[in-house]
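Peer 1: Grabbed the feature section from TrEMBL, which reads as follows:
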BINDING   Thr54, Val218  pyruvate binding site
ACT_SITE  Tyr145  active site, proton donor/acceptor
ACT_SITE  Lys175  active site, schiff-base intermediate with substrate
Amino acid sequence: MTMASSKKKLEGLVAATITPMTENGEINFSVIGQYVDYLVEEQGVKSIFVNGTTGEGLSLSISERRQVAEEWVTKGRNKLDQVVIHVGALSLKESQELAKHAAEIGADGIAVIAPFFLKPWNKDVLINFLKEVAAAAPALPFYYYHIPALTGIKIRAEELLDGIQDKIPTFQGLKFSDTDLLDFGQCVDQNQQRQFAFLFGVDEQLLSALVMGATGAVGSTYNYLGKKANQMLEAFEQKDFSSALNYQFCIQRFINFVVKLGFGVSQTKAIMTLVSGIPMGPPRLPLQKASREFTDNAEAKLKSLDFLPFTGLKDRNLEACS
C-alpha cells in the first residue's frame, strides 16, 4: 500500500475555488478565511479544488500559485475535509515544483491537466508526463483532470485509465470535465474493482453522471449553489429520483439562463460576489470583468429561482424551486 491509497477518499461535492483579486489585479488573500467559512457553513461544501480553471490557476505566476495553495490549506485546517491542489502547467519542471510544494504544505491531493501547447499526441506520452509530476509528490493522491474542450487533448479518459496504476501508483481518480457520458461511463465500468474517485465536472449534468456511477463532483457552481446540489445528492442517495431530478432542473434553469448571456470564469466571480457578499474582484487578463448588465440579470434570475432572498414583494415566483 502506498501512503496515498490509505488516505480518505475524495467524494461528494468539491468546490472549484475562485481566486479573489483586488480591483488592480493582485490576489486578495485576506478574504480566503471568510470564504472557507462560507463554503462550509452556508453551502455545506467541505472539499475544495484549488488553482484550477475557475481559480484562474494558469493565469497566476508560480509563486502566486504556491501562496494561494498555502493560504487555502492553512485557512482550511480543521474545517475542510480535503484540499486538492491543481498543479498542472505547460512546463514539467514547474508542475513538479508545485506538486512538491503541495506535499510540503500538507495538501490532501494533487491534480494535473494535460499540457496543451506542445501536446502529448498519444496516451503513453501523456502518462509519462503525468507520472513525472506524480513522482514529485509520492505520498499524495494523484488525480487526472480531463478537460478536452480547454486543452484540445482528445485522448479518451477510459483509455488513459487502462493500466494507469501500474505506471502511476498514487493515481486515485479523475476530474472528468466533459459531456461524453460514454467515455465517463466506461471509466467507471472498467474500473469497478478499483477504489477510484470518479469526479464529474459538468455541474448542469451531474445527475446523469451519478446514475453512471460518479462518486463526487468538482465544479464552480458549488461555490454558491452547493446547498441545492447537496439536496440533489441526498435525494439521489435516498433513491428519491423525482426530487433529485427537480433539483437538477432547478440548477439547470439558472445555468441555462447564464450560459445564454455568456458564462465563464469572470461571470462566476461576479455571481459569487453577489451571493456570498465576499468580494471576488475582477478576473485577470486575458479575461474581462463581467458586465453590470450580466450581474443584474443573474441577480434577478437567482431571486426568481429562490436562490437569493427576495427583498420586497412576498409573493413567491412561479419559477421558484421547491
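Each residue, glycine too, has its Cβ placed from N, Cα and C.
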Peer 1: May I ask for the distance between Thr54 (pyruvate binding site) and the residue listed as 'active site, schiff-base intermediate with substrate', taken between their Cα atoms and rounded to an integer number of Å?
Peer 2: 14
Peer 1: Give me the long-range Cβ neighbours of Val218 (pyruvate binding site): same chain, 6+ apart, Cβ under 8 Å, in sequence order.
Peer 2: Val14, Ala15, Ala16, Phe49, Gly52, Lys175, Ser177, Leu199, Phe200, Gly201
Peer 1: Please list, in sequence order, the residues in the chain of Tyr145 (active site, proton donor/acceptor) that are at least six apart in sequence and whose C-beta is under 8 Å away from its C-beta.
Peer 2: Gly52, His86, Gly88, Ala111, Val112, Ile113, Leu174, Lys175, Ser177
Peer 1: Out of Thr54, Lys175, which of these recorded positions shows the lowest number of other CB atoms within 10 Å of its CB?
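Peer 2: Among the recorded positions Thr54, Lys175, the lowest count of other Cβ atoms within 10 Å belongs to Thr54.
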